[in-house]
Amino acid sequence: MRSKKLWISLLFALTLIFTMAFSNMSAQAAGKSSTEKKYIVGFKQTMSAMSSAKKKDVISEKGGKVQKQFKYVNAAAATLDEKAVKELKKDPSVAYVEEDHIAHEYAQSVPYGISQIKAPALHSQGYTGSNVKVAVIDSGIDSSHPDLNVRGGASFVPSETNPYQDGSSHGTHVAGTIAALNNSIGVLGVAPSASLYAVKVLDSTGSGQYSWIINGIEWAISNNMDVINMSLGGPTGSTALKTVVDKAVSSGIVVAAAAGNEGSSGSTSTVGYPAKYPSTIAVGAVNSSNQRASFSSAGSELDVMAPGVSIQSTLPGGTYGAYNGTSMATPHVAGAAALILSKHPTWTNAQVRDRLESTATYLGNSFYYGKGLINVQAAAQ
(Lines of atoms letter the chains of each structure in order from A; the text may use other names.)
(Lines give C-alpha, C1' and ligand atoms only; values in the text may rest on other atoms or scores of the structure.)
Protein backbone atom coordinates (compact mmCIF):
# COMPACT_ATOMS: atom_id res chain seq x y z
CA MET A 1 0.00 0.00 0.00
CA ARG A 2 2.79 2.34 0.93
CA SER A 3 4.59 1.44 -2.31
CA LYS A 4 1.44 2.18 -4.30
CA LYS A 5 1.08 5.64 -2.71
CA LEU A 6 4.71 6.38 -3.47
CA TRP A 7 4.21 5.38 -7.11
CA ILE A 8 1.11 7.61 -7.42
CA SER A 9 2.99 10.55 -5.89
CA LEU A 10 5.88 10.04 -8.29
CA LEU A 11 3.53 9.83 -11.28
CA PHE A 12 1.77 13.03 -10.20
CA ALA A 13 5.10 14.86 -9.82
CA LEU A 14 6.27 13.77 -13.28
CA THR A 15 2.93 14.83 -14.80
CA LEU A 16 3.20 18.23 -13.11
CA ILE A 17 6.79 18.74 -14.33
CA PHE A 18 5.83 17.75 -17.90
CA THR A 19 2.80 20.05 -17.87
CA MET A 20 4.83 23.01 -16.60
CA ALA A 21 7.57 22.38 -19.15
CA PHE A 22 5.06 22.09 -21.99
CA SER A 23 3.31 25.27 -20.85
CA ASN A 24 6.64 27.10 -20.74
CA MET A 25 7.51 25.88 -24.25
CA SER A 26 4.09 26.96 -25.50
CA ALA A 27 4.51 30.37 -23.90
CA GLN A 28 7.94 30.74 -25.49
CA ALA A 29 6.54 29.74 -28.88
CA ALA A 30 3.66 32.17 -28.48
CA GLY A 31 6.08 34.87 -27.44
CA LYS A 32 8.19 34.27 -30.54
CA SER A 33 5.14 34.36 -32.82
CA SER A 34 3.85 37.56 -31.27
CA THR A 35 7.11 39.39 -32.06
CA GLU A 36 7.11 38.48 -35.73
CA LYS A 37 6.75 41.45 -38.09
CA LYS A 38 7.02 42.14 -41.79
CA TYR A 39 10.42 43.29 -43.08
CA ILE A 40 12.31 43.86 -46.32
CA VAL A 41 15.75 42.25 -46.40
CA GLY A 42 18.17 43.84 -48.87
CA PHE A 43 21.24 42.01 -50.13
CA LYS A 44 24.59 43.61 -50.98
CA GLN A 45 25.22 44.46 -54.64
CA THR A 46 28.20 42.13 -54.56
CA MET A 47 25.65 39.40 -53.96
CA SER A 48 23.47 40.28 -56.99
CA ALA A 49 24.48 37.00 -58.64
CA MET A 50 23.29 35.03 -55.60
CA SER A 51 20.50 32.65 -56.58
CA SER A 52 16.96 33.12 -55.35
CA ALA A 53 17.23 29.83 -53.51
CA LYS A 54 20.39 30.96 -51.69
CA LYS A 55 18.79 34.25 -50.67
CA LYS A 56 15.80 32.33 -49.37
CA ASP A 57 18.15 30.05 -47.43
CA VAL A 58 19.93 33.02 -45.82
CA ILE A 59 16.61 34.24 -44.44
CA SER A 60 15.17 30.81 -43.62
CA GLU A 61 18.29 29.73 -41.71
CA LYS A 62 17.70 32.64 -39.33
CA GLY A 63 14.10 31.53 -38.76
CA GLY A 64 12.51 33.95 -41.22
CA LYS A 65 9.78 33.23 -43.78
CA VAL A 66 10.24 34.67 -47.28
CA GLN A 67 7.04 36.14 -48.73
CA LYS A 68 8.33 37.56 -52.01
CA GLN A 69 11.62 38.16 -53.85
CA PHE A 70 11.65 41.28 -56.01
CA LYS A 71 12.66 41.51 -59.67
CA TYR A 72 14.43 44.86 -59.87
CA VAL A 73 15.35 45.30 -56.23
CA ASN A 74 17.98 42.98 -54.75
CA ALA A 75 15.76 42.28 -51.76
CA ALA A 76 13.00 40.09 -50.39
CA ALA A 77 9.89 40.65 -48.29
CA ALA A 78 9.91 38.41 -45.24
CA THR A 79 8.34 37.76 -41.85
CA LEU A 80 10.95 37.86 -39.07
CA ASP A 81 11.14 37.80 -35.31
CA GLU A 82 13.53 40.02 -33.36
CA LYS A 83 16.24 37.36 -33.17
CA ALA A 84 16.16 36.81 -36.94
CA VAL A 85 16.44 40.55 -37.53
CA LYS A 86 19.54 40.80 -35.35
CA GLU A 87 21.17 37.79 -37.00
CA LEU A 88 20.40 38.96 -40.54
CA LYS A 89 21.89 42.39 -39.82
CA LYS A 90 25.15 40.60 -38.96
CA ASP A 91 25.10 38.40 -42.08
CA PRO A 92 27.86 39.44 -44.53
CA SER A 93 25.55 39.07 -47.54
CA VAL A 94 22.87 41.39 -46.13
CA ALA A 95 22.96 45.15 -46.84
CA TYR A 96 19.95 46.19 -44.78
CA VAL A 97 16.89 44.98 -42.90
CA GLU A 98 14.05 47.49 -42.80
CA GLU A 99 10.46 47.31 -41.65
CA ASP A 100 7.89 46.71 -44.40
CA HIS A 101 6.05 49.93 -43.60
CA ILE A 102 2.45 50.71 -44.50
CA ALA A 103 1.49 53.56 -46.84
CA HIS A 104 -1.94 55.18 -46.95
CA GLU A 105 -3.96 56.92 -49.63
CA TYR A 106 -3.76 60.69 -49.44
CA ALA A 107 -7.48 61.31 -49.56
CA GLN A 108 -9.46 63.33 -50.11
CA SER A 109 -10.68 66.35 -52.04
CA VAL A 110 -14.10 69.27 -60.10
CA PRO A 111 -12.95 69.40 -63.28
CA TYR A 112 -12.27 73.13 -62.82
CA GLY A 113 -8.74 71.79 -62.49
CA ILE A 114 -8.69 70.63 -66.11
CA SER A 115 -9.06 74.24 -67.29
CA GLN A 116 -6.82 75.57 -64.53
CA ILE A 117 -3.83 73.65 -65.89
CA LYS A 118 -4.72 74.64 -69.52
CA ALA A 119 -5.45 71.08 -70.72
CA PRO A 120 -8.31 72.12 -73.10
CA ALA A 121 -5.76 74.02 -75.21
CA LEU A 122 -4.07 70.69 -76.01
CA HIS A 123 -7.41 68.97 -76.56
CA SER A 124 -8.36 71.57 -79.17
CA GLN A 125 -5.13 70.74 -81.02
CA GLY A 126 -6.06 67.07 -81.09
CA TYR A 127 -3.76 65.88 -78.31
CA THR A 128 -5.64 63.88 -75.72
CA GLY A 129 -3.18 61.27 -74.48
CA SER A 130 -3.51 58.68 -77.25
CA ASN A 131 -1.04 55.77 -77.14
CA VAL A 132 0.19 56.71 -73.67
CA LYS A 133 -0.03 54.10 -70.92
CA VAL A 134 -0.66 55.32 -67.37
CA ALA A 135 -0.33 53.03 -64.36
CA VAL A 136 -2.58 54.10 -61.50
CA ILE A 137 -0.81 52.55 -58.52
CA ASP A 138 -3.60 52.78 -55.99
CA SER A 139 -6.65 50.94 -54.62
CA GLY A 140 -7.80 49.56 -57.98
CA ILE A 141 -10.15 51.04 -60.58
CA ASP A 142 -13.81 50.21 -61.14
CA SER A 143 -13.47 49.09 -64.77
CA SER A 144 -17.25 48.95 -65.21
CA HIS A 145 -17.55 52.73 -64.85
CA PRO A 146 -18.96 54.08 -68.16
CA ASP A 147 -16.65 57.11 -68.04
CA LEU A 148 -13.41 55.10 -67.80
CA ASN A 149 -11.41 52.99 -70.26
CA VAL A 150 -9.31 50.56 -68.23
CA ARG A 151 -7.02 48.52 -70.47
CA GLY A 152 -5.45 46.15 -67.95
CA GLY A 153 -3.88 45.81 -64.55
CA ALA A 154 -2.85 43.58 -61.68
CA SER A 155 -3.39 43.30 -57.95
CA PHE A 156 -0.69 42.88 -55.34
CA VAL A 157 -3.03 42.97 -52.36
CA PRO A 158 -3.13 39.35 -51.13
CA SER A 159 -6.69 39.51 -49.84
CA GLU A 160 -8.09 41.51 -52.79
CA THR A 161 -6.98 39.91 -56.05
CA ASN A 162 -9.24 41.80 -58.48
CA PRO A 163 -7.65 45.08 -59.64
CA TYR A 164 -10.93 46.15 -61.24
CA GLN A 165 -12.76 46.38 -57.92
CA ASP A 166 -12.14 49.45 -55.79
CA GLY A 167 -13.33 49.12 -52.22
CA SER A 168 -12.09 52.53 -51.10
CA SER A 169 -13.09 54.55 -54.25
CA HIS A 170 -9.73 56.36 -54.15
CA GLY A 171 -8.15 54.77 -57.23
CA THR A 172 -11.29 55.22 -59.33
CA HIS A 173 -11.40 58.92 -58.42
CA VAL A 174 -7.73 59.36 -59.32
CA ALA A 175 -8.24 57.52 -62.63
CA GLY A 176 -11.08 59.85 -63.64
CA THR A 177 -8.95 62.96 -63.19
CA ILE A 178 -6.27 61.42 -65.40
CA ALA A 179 -8.45 60.07 -68.18
CA ALA A 180 -12.24 60.28 -67.79
CA LEU A 181 -13.62 59.94 -71.31
CA ASN A 182 -14.65 62.83 -73.54
CA ASN A 183 -18.26 61.78 -73.94
CA SER A 184 -21.74 63.01 -73.12
CA ILE A 185 -21.68 61.96 -69.47
CA GLY A 186 -19.97 62.74 -66.22
CA VAL A 187 -16.63 64.52 -66.16
CA LEU A 188 -13.64 65.06 -68.45
CA GLY A 189 -10.14 63.89 -67.61
CA VAL A 190 -6.86 65.68 -68.36
CA ALA A 191 -5.90 63.07 -70.98
CA PRO A 192 -9.19 61.38 -71.99
CA SER A 193 -7.59 59.10 -74.61
CA ALA A 194 -4.81 57.77 -72.38
CA SER A 195 -4.82 54.06 -71.55
CA LEU A 196 -5.46 53.39 -67.87
CA TYR A 197 -3.97 50.44 -66.01
CA ALA A 198 -5.25 49.48 -62.57
CA VAL A 199 -2.34 48.47 -60.33
CA LYS A 200 -3.84 47.63 -56.96
CA VAL A 201 -1.48 48.05 -53.99
CA LEU A 202 -3.91 49.50 -51.43
CA ASP A 203 -6.70 47.52 -49.81
CA SER A 204 -10.30 48.59 -49.22
CA THR A 205 -9.23 50.58 -46.16
CA GLY A 206 -6.79 52.60 -48.28
CA SER A 207 -3.65 51.03 -46.82
CA GLY A 208 -0.90 48.90 -48.29
CA GLN A 209 2.48 47.43 -47.40
CA TYR A 210 5.52 49.01 -49.03
CA SER A 211 6.29 45.58 -50.52
CA TRP A 212 2.94 45.65 -52.36
CA ILE A 213 3.82 49.07 -53.78
CA ILE A 214 7.25 47.80 -54.85
CA ASN A 215 5.53 44.90 -56.65
CA GLY A 216 3.19 47.37 -58.36
CA ILE A 217 6.05 49.54 -59.59
CA GLU A 218 7.93 46.49 -60.83
CA TRP A 219 4.79 45.49 -62.78
CA ALA A 220 4.66 48.96 -64.34
CA ILE A 221 8.31 48.67 -65.41
CA SER A 222 7.86 45.17 -66.86
CA ASN A 223 4.72 46.23 -68.73
CA ASN A 224 6.30 49.33 -70.28
CA MET A 225 4.14 51.99 -68.70
CA ASP A 226 4.85 55.58 -69.78
CA VAL A 227 3.55 57.30 -66.65
CA ILE A 228 3.07 56.19 -63.05
CA ASN A 229 0.66 57.96 -60.70
CA MET A 230 1.10 57.37 -56.98
CA SER A 231 -1.49 59.22 -54.93
CA LEU A 232 -0.22 57.55 -51.78
CA GLY A 233 2.62 57.71 -49.33
CA GLY A 234 4.00 57.14 -45.89
CA PRO A 235 6.09 59.05 -43.35
CA THR A 236 8.99 56.59 -43.41
CA GLY A 237 11.68 56.15 -46.04
CA SER A 238 12.65 52.77 -47.49
CA THR A 239 15.81 51.76 -49.32
CA ALA A 240 13.88 49.17 -51.33
CA LEU A 241 11.11 51.61 -52.30
CA LYS A 242 13.63 54.26 -53.38
CA THR A 243 15.53 51.68 -55.41
CA VAL A 244 12.48 50.61 -57.40
CA VAL A 245 11.25 54.20 -57.90
CA ASP A 246 14.69 55.14 -59.23
CA LYS A 247 14.59 52.06 -61.48
CA ALA A 248 11.23 53.14 -62.90
CA VAL A 249 12.61 56.57 -63.73
CA SER A 250 15.82 55.17 -65.23
CA SER A 251 13.55 52.93 -67.35
CA GLY A 252 11.99 56.06 -68.87
CA ILE A 253 8.79 56.35 -66.86
CA VAL A 254 7.44 59.69 -65.62
CA VAL A 255 6.65 59.19 -61.92
CA ALA A 256 4.26 61.62 -60.20
CA ALA A 257 3.70 61.23 -56.45
CA ALA A 258 1.50 63.01 -53.92
CA ALA A 259 3.45 65.22 -51.53
CA GLY A 260 1.07 64.43 -48.68
CA ASN A 261 -1.67 65.98 -46.61
CA GLU A 262 0.35 66.88 -43.52
CA GLY A 263 0.19 70.68 -43.94
CA SER A 264 3.23 72.72 -42.91
CA SER A 265 5.37 72.60 -39.78
CA GLY A 266 7.64 75.63 -39.73
CA SER A 267 10.85 74.95 -41.61
CA THR A 268 10.49 71.17 -41.27
CA SER A 269 9.59 69.23 -44.41
CA THR A 270 6.30 67.35 -44.20
CA VAL A 271 6.59 65.75 -47.65
CA GLY A 272 6.03 61.99 -47.49
CA TYR A 273 7.56 59.02 -49.30
CA PRO A 274 7.92 58.22 -52.17
CA ALA A 275 7.34 61.89 -53.16
CA LYS A 276 10.38 62.87 -51.10
CA TYR A 277 12.71 60.94 -53.42
CA PRO A 278 14.42 63.23 -55.98
CA SER A 279 13.48 61.01 -58.94
CA THR A 280 9.74 61.59 -58.47
CA ILE A 281 7.69 64.68 -59.32
CA ALA A 282 6.35 65.67 -55.89
CA VAL A 283 2.93 67.30 -56.22
CA GLY A 284 1.23 69.72 -53.83
CA ALA A 285 -2.35 71.03 -53.93
CA VAL A 286 -3.93 74.43 -54.60
CA ASN A 287 -7.55 75.54 -54.77
CA SER A 288 -9.40 77.16 -57.68
CA SER A 289 -7.83 80.54 -56.77
CA ASN A 290 -4.29 79.10 -56.84
CA GLN A 291 -3.99 79.35 -53.07
CA ARG A 292 -2.11 76.54 -51.38
CA ALA A 293 -4.47 74.13 -49.64
CA SER A 294 -3.90 74.20 -45.89
CA PHE A 295 -3.47 70.42 -45.85
CA SER A 296 -0.84 70.36 -48.60
CA SER A 297 2.56 69.17 -47.35
CA ALA A 298 5.48 71.58 -47.63
CA GLY A 299 9.21 71.12 -48.04
CA SER A 300 12.21 71.66 -50.27
CA GLU A 301 11.37 68.39 -52.06
CA LEU A 302 8.11 69.85 -53.41
CA ASP A 303 8.26 70.20 -57.22
CA VAL A 304 4.95 71.50 -58.62
CA MET A 305 1.37 72.30 -57.66
CA ALA A 306 -1.96 71.26 -59.19
CA PRO A 307 -5.65 71.59 -58.30
CA GLY A 308 -6.54 69.45 -55.29
CA VAL A 309 -9.55 71.01 -53.57
CA SER A 310 -13.14 69.92 -54.35
CA ILE A 311 -12.05 67.87 -57.35
CA GLN A 312 -15.02 66.24 -59.08
CA SER A 313 -14.27 62.83 -60.56
CA THR A 314 -15.44 59.27 -61.06
CA LEU A 315 -16.44 56.93 -58.22
CA PRO A 316 -17.27 53.20 -58.18
CA GLY A 317 -20.75 52.19 -59.28
CA GLY A 318 -20.90 54.66 -62.16
CA THR A 319 -21.16 57.64 -59.84
CA TYR A 320 -19.22 60.86 -59.24
CA GLY A 321 -18.06 62.89 -56.27
CA ALA A 322 -15.72 65.63 -55.08
CA TYR A 323 -12.62 64.90 -52.99
CA ASN A 324 -9.79 66.99 -51.55
CA GLY A 325 -6.11 66.12 -51.26
CA THR A 326 -2.71 66.03 -52.88
CA SER A 327 -3.99 62.64 -54.09
CA MET A 328 -6.35 64.62 -56.29
CA ALA A 329 -3.64 67.05 -57.44
CA THR A 330 -1.19 64.35 -58.54
CA PRO A 331 -3.34 62.85 -61.34
CA HIS A 332 -3.49 66.31 -62.95
CA VAL A 333 0.29 66.06 -63.33
CA ALA A 334 0.19 62.44 -64.53
CA GLY A 335 -2.49 63.40 -67.06
CA ALA A 336 -0.46 66.43 -68.15
CA ALA A 337 2.55 64.15 -68.74
CA ALA A 338 0.34 61.90 -70.90
CA LEU A 339 -0.82 64.91 -72.94
CA ILE A 340 2.76 66.05 -73.53
CA LEU A 341 3.86 62.56 -74.58
CA SER A 342 0.94 62.28 -77.00
CA LYS A 343 2.18 65.47 -78.71
CA HIS A 344 5.88 64.67 -78.35
CA PRO A 345 6.17 60.85 -78.32
CA THR A 346 9.97 60.95 -78.65
CA TRP A 347 10.52 63.12 -75.59
CA THR A 348 12.20 61.46 -72.63
CA ASN A 349 10.72 61.43 -69.16
CA ALA A 350 13.42 63.91 -68.13
CA GLN A 351 12.29 66.32 -70.87
CA VAL A 352 8.66 65.99 -69.82
CA ARG A 353 9.54 66.71 -66.21
CA ASP A 354 11.77 69.65 -67.10
CA ARG A 355 9.04 71.23 -69.24
CA LEU A 356 6.39 70.79 -66.53
CA GLU A 357 8.63 72.42 -63.94
CA SER A 358 10.26 75.15 -66.05
CA THR A 359 6.93 76.41 -67.47
CA ALA A 360 4.99 76.27 -64.19
CA THR A 361 3.32 79.49 -63.06
CA TYR A 362 5.16 80.96 -60.07
CA LEU A 363 2.88 81.17 -57.03
CA GLY A 364 5.23 81.95 -54.14
CA ASN A 365 7.88 80.51 -51.84
CA SER A 366 9.14 77.22 -53.32
CA PHE A 367 9.04 75.57 -49.89
CA TYR A 368 5.24 75.82 -50.07
CA TYR A 369 4.62 75.95 -53.85
CA GLY A 370 7.57 74.23 -55.53
CA LYS A 371 8.06 75.65 -59.04
CA GLY A 372 4.36 76.64 -59.10
CA LEU A 373 1.15 75.60 -60.87
CA ILE A 374 1.67 73.35 -63.89
CA ASN A 375 0.69 74.81 -67.29
CA VAL A 376 0.48 71.93 -69.74
CA GLN A 377 -0.19 74.26 -72.70
CA ALA A 378 3.15 75.97 -72.15
CA ALA A 379 4.93 72.74 -71.24
CA ALA A 380 3.95 71.08 -74.52
CA GLN A 381 5.24 73.91 -76.74
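Heads up, the Cβ atoms here are built off N, Cα and C, so glycines get one too.
Taken from Swiss-Prot, the feature active site, charge relay system covers ASP138, HIS170, SER327, and the record attributes it to experimental evidence. Sequence annotations record features per position, and here Swiss-Prot assigns Ca(2+) 1 binding site to GLN108, ASP147, LEU181, ASN183, ILE185, VAL187. The Ca(2+) 2 binding site annotation in Swiss-Prot covers ALA275, TYR277, THR280, ASP303. The domain 'Inhibitor I9' annotation in Swiss-Prot covers 38-103. Look at Swiss-Prot and you will find 1-29 tagged as signal peptide, backed by experimental evidence.
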In the domain 'Inhibitor I9' (38-103), how many residues does DSSP call helix, how many strand, and how many coil? 21 helix, 25 strand, 20 coil
Give the sequence-ordered set of same-chain residues, not counting ALA275, TYR277, THR280, ASP303, with Cβ within 8 Å of the centre of the Cβ atoms defining the Ca(2+) 2 site. VAL255, ALA257, ALA259, VAL271, PRO274, LYS276, PRO278, SER279, ILE281, ALA282, GLU301
Here the recorded positions are ASP138, HIS170, ASN183, ILE185, and the Cα closest to that of ALA275 (Ca(2+) 2 binding site) is found at ASP138
Across the recorded positions (ASN183, THR280, SER327), the Cβ with the fewest other Cβ atoms inside 10 Å is that of ASN183
When you tally the Cβ atoms that lie within 10 Å of each candidate's Cβ, which of the recorded positions (ASP147, HIS170, ILE185, VAL187, ASP303) has the highest tally? HIS170
Which ones are near HIS170 (active site, charge relay system): of the binding-site residues ASP147, ASN183, ILE185, ASP303, which have a Cα within 10 Å? none
Assigned conformation of ASP138 (active site, charge relay system) - DSSP reduced to three states: strand
Which of these recorded positions is closest to THR280 (Ca(2+) 2 binding site) if you go by CA atoms: ASP138, LEU181, ASN183, ILE185? ASP138
How does the model score the domain 'Inhibitor I9' (38-103) in terms of mean pLDDT? 95
If I take the alpha carbons of TYR277 (Ca(2+) 2 binding site) and VAL187 (Ca(2+) 1 binding site), what is the distance between them in whole Å? 32
